[in-house]
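Undergrad: Sending over a structure as structure tokens; questions will come in a sec.
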Amino acid sequence: SAAVDIQPACLGLYCGRTVLFVNGSLETYGECGVCPRGQRTDDNKICRECMGSPDRYDWLYLGFMAMLPLVLHWFFIEWYSGKKSSSALLQHITALFECSVAAVITLLVSDPVGSLHIRSCRVKKLSDWYTMLYNPSPDYITTVHCTHEAVYPLYTIVFIYYAFCLVLMMLLRPLLVKKIACGLGKSDRFKSIYAALYFFPILTVLQAVGGGLLYYAFPYIILVLSLVTLAVYMSASEVESFKDLLVRKKRLVVLFSHWLLHAYGIISISKLDKLEQDLPLLALVPAPALFYLMTAKYTEPSRILSEGGNGH
């Protein structure tokens, strides 16, 4: 420790000294700079290896980032398959298979390799996601570059997952679509794949720029988006009663999918830290759909217009 005191102070929020040599309780440290991958600075500005494991909220965040491409796949498959095509279901299953396999492979190649467990550093604050913004300039001329993944591996593991999703999609989907999508024209057949080639770069940029913001905001994003999309779907499908829901199985599938998203959002917000308090909140999951069905007949545009006309 005496040797450390002689060295100049290590400036910057994320700059640290790497451990070069350990002799019993005595450690020898290197120059102040960037920590190696898989390490982050402790309170004494020493680079320490990340030996923790992701907590429940971290896993929920990773689950959200893993769901994004799958939900977009399903949306565009449905959008471009049309009413005549019977190939949509097989494409949905293939998309689920691609994303599931990509997730398993991503976990297997992450440290420790060959295990579904991953070691990680704990996220302490928003700035941990944006270490590139905190490189110090001691003399206001030269910048000490200390950019590293302080939230290892929550930032880069998403990019690895998206890469595997893209590769698996390019290997599996074109062959499947070519064989089964007979009801579609040649130009429409591959449109859902072309859509993925657009949204994967967008998701990558979203993670690169807004990863930290998404980490803190994703439970609320899930709730808002699932509420809005459910209302839009039920309105577009002209669902006004429980009977309308039961007419087509597809509507029930969409409804239950939204309920699962609602539940995921509620669990992410509460983190289920206190089960006896948080589990009853899941009873609120069907509430938005029930409220919509009970009030839809009162908000029918034609009815409002006719009543307005009668008033005049």
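Each position is counted from 1, following the chain as shown.
Placed from the backbone N, Cα and C atoms, the Cβ positions cover glycine too.
All annotation found in TrEMBL is predicted automatically rather than curated by experts.
Under the heading transmembrane segment, TrEMBL lists 59-77, 89-109, 152-172, 193-214, 220-239, 251-267, 279-296.
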Undergrad: Taking a Cβ cut-off under 8 Å, which residues six or more beyond the ends of the transmembrane segment (152-172) line up next to it in the same chain?
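TA: Residues 37-40, 50, 54, 58, 61-62, 65-66, 69, 73, 94-95, 97-99, 101-103, 105-106, 109-111, 118, 120-121, 123, 129, 193, 196, 200, 203-204, 207-208, 211, 215 contact the transmembrane segment (152-172) from elsewhere in the chain.
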Undergrad: Rank 59-77, 89-109, 220-239, 251-267 by Cβ pairs under 8 Å to the transmembrane segment (193-214) and hand me the top one.
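TA: Top-ranked stretch among 59-77, 89-109, 220-239, 251-267: 59-77.
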Undergrad: Taking a Cβ cut-off under 8 Å, which residues six or more beyond the ends of the transmembrane segment (251-267) line up next to it in the same chain?
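TA: Distant Cβ neighbours of the transmembrane segment (251-267) are 60, 63-64, 219-220, 222-223, 225-227, 229-230, 233, 237, 239, 244-245, 278, 281-282, 284-286, 288-289.
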Undergrad: Which sequence positions outside the transmembrane segment (220-239), separated from its termini by at least 6 residues, show Cβ-Cβ distances below 8 Å to it?
TA: 64, 214, 245, 251, 254-255, 258, 261-262, 264-266, 268-269, 288-289, 292-293, 296
Undergrad: Cβ under 8 Å to the transmembrane segment (89-109), counting only same-chain residues 6 or more beyond its ends: which ones?
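TA: Cβ under 8 Å, 6 or more out: 66, 69-70, 73-74, 77-78, 81, 115-118, 157, 160-161, 164-165, 168-169, 172-173, 176-177, 180-181, 192.
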